[in-house]
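S.K.: One structure coming up, written as structure tokens, with questions to follow.
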Amino acid sequence: MGELDLRALVLLLGAIGVLTSVVLQHVWRQNRALLGAAQWWSVGPLAIFVGTVLLALRGIIGAPVSIVLGNVLVIGGMTAMYLGTCRYWGEPLPRWPWALLAACALVLLLFSAVWPHYAVRLTVVPGLMALVQWAHLRVVWRHDRSTFASQFLSFWIAFSIVALVVRSATAPMEAADSDLLIPSPLQNVYLISYAFALLGEGIGFVLLSQQRLQQHIRELASHDSLTGAMTRAAWWNAALHEVLRQRRQGGPLTLLMLDLDHFKRINDTHGHPMGDRVLRDFAQRVRQSLRATDRFGRYGGEEFVVLLPDTGTEAACALAERIRAQALGAGLPAYTVSIGVAQMNGHDPHADPGGALEATIARADAALYDAKTHGRDRVVCAPADAPAPPAVAPTSGTAATA
Ligand SMILES: Nc1nc2c(ncn2[C@@H]2O[C@H](COP(=O)(O)OP(=O)(O)OP(=O)(O)O)[C@@H](O)[C@H]2O)c(=O)[nH]1
């Protein structure tokens, strides 16, 4: 180990940084809107590369550039990776690391140009790097401890923290006139560990990027791009899941069918793009009224469906009435909605869940048909345990029971 060329090792570390940076730059360029974090992640290893080149050139170039700028770039690169992870999870970017970098530059200048002392620098630099890495690890843990990508990244950040703390704590054992490039077993282990940690973190960032892309693709496949509601197929699967859950845990399950009134007229009068805006506005209105556990889907065209777990007919009709009566979005043509409500009948645990769901949709659809045929802009609620709602003439603008 003592025979290793440390200059080559430092440069190898930098080369790993540059490769990681190129890959992350590519990831960012492919998905700028979705993966802004990858830009920070790619700048980090690049700064580490430039920093390590400067560090490896000590003795060839002046100490302030090699030692001060080299170390500041390495810590700055690490900070950029930490900020990238903050950005990945939408956290505000902290400012304290920049103050830390400025303080670090001052300390390094002092202990390289005024009182040259390697051991002090060796205590300070890995110590500060460990601090940034600790903050980085905390961000990852705050947001996700369960996925492979997060666990992989956490492992390598934690690994680097151990290497940095050991290096910082053992710095006083170094001779005062020692140097970064003078081989010692500790220095070899430290630099090799750090190269591995950098590579590991880079792979972790790529895994996180891939995870975000997968989530996005799943989202695209299961949600309608215009309104953000679930697609019909995705809604059906989610609703079946809910029926099975309700059978295990009990509680009422109620369904709303919502259909915009005379929507064709809106398209014909104001144009298709305005029709799209109305659909988006309506979906937003509905979403604002729902709980996180409610399932909102686009059933087709201007027809939507909502499944309300743990909600009986009365509460569902009140909710439907609130949705119907909500204010319209500014700058949109006036539009109204008709809503049919039906609670799922029976609790036969052996009945086909798909069949039970279909029957409830049919009853809600029949209630919706009633709302349409009796003047629109109204809510009609099918009574529980009725095969289909008989026609009634409900009052416009109020919830009625068919
Ligand atoms: N702008 C826009 N229009 C859509 C979209 N999907 C379906 N439509 C239109 O929605 C209209 C539905 O018309 P109809 O089924 O006759 O229903 P309606 O005019 O709302 O009448 P009622 O439902 O009886 O009140 C058609 O003109 C479709 O072209 C969409 O994504 N965007």
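Cβ from N, Cα, C; glycine included.
From TrEMBL, here are the annotated features:
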{"type": "TRANSMEM", "residues": "6-28", "note": "transmembrane segment"}
{"type": "TRANSMEM", "residues": "40-61", "note": "transmembrane segment"}
{"type": "TRANSMEM", "residues": "67-84", "note": "transmembrane segment"}
{"type": "TRANSMEM", "residues": "96-118", "note": "transmembrane segment"}
{"type": "TRANSMEM", "residues": "124-141", "note": "transmembrane segment"}
{"type": "TRANSMEM", "residues": "148-169", "note": "transmembrane segment"}
{"type": "TRANSMEM", "residues": "189-208", "note": "transmembrane segment"}
{"type": "DOMAIN", "residues": "251-384", "note": "domain 'GGDEF'"}
S.K.: Under 8 angstroms, Cβ to Cβ: which one of 6-28, 67-84, 96-118, 124-141, 148-169 has the largest number of such pairs with the transmembrane segment (189-208)?
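M.R.: Highest pair count goes to 148-169.
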S.K.: Counting Cβ pairs closer than 8 Å, which of 40-61, 67-84, 124-141 has the most of them with the transmembrane segment (96-118)?
M.R.: 67-84
S.K.: Provide the three-state DSSP residue tally for the domain 'GGDEF' (251-384): helix first, then strand, then coil.
M.R.: 60 helix, 31 strand, 43 coil
S.K.: Are there residues at least 6 beyond the ends of the transmembrane segment (67-84) whose Cβ is under 8 Å from a Cβ of it, and what are they?
M.R.: 17, 37-41, 43-55, 58, 93-94, 97-98, 100-101, 104-105, 108-109, 112-113, 121, 125, 128-129, 132-133, 135-136, 139, 201, 205
S.K.: Same-chain Cβ contacts of the transmembrane segment (148-169) under 8 Å, 6 or more residues past its ends?
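M.R.: Non-local partners: 85, 122-127, 129-130, 133-134, 136-137, 140-141, 186, 189-190, 193-194, 196-198, 200-201, 203-205, 207-208, 210-211.
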